[in-house]
């Protein structure tokens, strides 16, 4: 028996597509985007909040892809690990953390070294500098005599030379408590790769695990020398500053709280069956990660995962419906692992497709990235007519925005706009409904107040457009849907469930963005037809 094709709900996440009314240095406003412009003009639209307390982060903290997708998929504001860990340091409860105390108890009698690895940044996206300083204080209280800090500089979620003030702040704290020394220096480009570019990780690993090739200069002198060569924080080559290699019997705390860019270095340091580059396993190591990077890692976890029940993907599966997720490499974990509340395993009926990202050093060299292939995959899935929910992420505005190169970011934005035309054509064939939004801002701000390239995210709101399909009419509105203007990312999942006529579970504390229907039903809106 042949079933009629399903009219899907398609959630399109334009990663890093924020809203800023000023046109100057705004890659989104300056780019040619006829598709988004026409959709914004014709269809119901609003701006939603993606930062700070609206996504479970501290006041003033910019959002990011992990947090954004987690909040979207959960349908509620999820307290973030940044806040959990900061609170534990502030209230002193970190001094009772069992995983950290166990590590200290194992290395203290042997007077072994404690290694602190993480992104030395106040960006708050992968880590926070306050957490490193809190660990130094913990080590002091616990009587650890030798603490080696492996500095990873940012330059992506912060300004490109914010590594220098971060290092100076670390040194001030070291001088204050008389404990700790910075022994290696590496840009996140090497130490925090997440795309299996193992040659980069290998360079960072070798520097951290060997005392050979000590530079001889202070860490600030080394960093300034790289700046003088126009090599900024993200791209600092791994450099040994002082003795203090990771050796058998030592303790290691990896204090990044976001898993995706910490996993590969952790695999190299801990996995017995690691084969991605030649190395001898350093064993035994007492190893703690701040959060759970991967259940397979042979490490202790200081802050266990929060269990989220009745998230969007789970509710769709419970209804016996099929769903499709697609993104290229850079954002694939976000539409799968993070969207599913930190669960690696797909739900029943959830199909995933990973499109490889281009192998380039930085994405200004390929601003189109793999958007065309992502679009082809998603259109094929939509036209199968078997999926009730389709989730797709376009990485371009965010990944190219991170380069700080305006022209490239404009090309990235224009690429995505063209892809939307093809995607909407496929959705129109089945009468589906489309939600177009973003997880956070980025490409709308390419220059900071000092005139320097801005490579980080923003706290700006993002657009949300609802394109109601002929085959997926929202009950009770007669084609005249109105959207709230006070929404946030947590409200997207309840909105999708309302469109699908599925009850919203009590765990979802977000509210549908669709305003209650007015008594008077107005004429249906004439749909935009995209000419290809």
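Using the three backbone atoms N, Cα and C, a Cβ is placed for every residue, glycine included.
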Further substrate ligand in Swiss-Prot, beside 126, 156, 157, 188, 258, 259, 260, 261, 331, within candidate set 181, 194: 194
Binding-site annotation, Swiss-Prot, Mn(2+) 1: partner of 398, 402 in 457, 477: 457
Identity of the Mn(2+) 2-site residue among 38, 65, 388 (reference: 15, 439, 440, source: Swiss-Prot): 65
15, 157, 439 as binding-site residues, winner by CB count within 10 A: 439
Env. residues of Mn(2+) 1 site, Cβ within 8 Å of mean position of 398, 402, 457 Cβ: 15, 16, 64, 65, 156, 157, 397, 399, 401, 440, 442, 443, 455, 456
CB-centroid shell, 8 A cutoff, Mn(2+) 2 site 15, 65, 439, 440, site residues removed: 13, 16, 50, 63, 64, 68, 69, 331, 334, 393, 398, 438, 442, 457
Among 126, 194, 261, 402, 440, the most crowded of the binding-site residues [Cβ within 10 Å]: 440
Candidates 194, 398, 457 (binding-site residues) with Cα within 10 Å of residue 440 (Mn(2+) 2 binding site): 398, 457
Local Cβ density at residue 398 (Mn(2+) 1 binding site) - other Cβ atoms counted within 10 Å: 30
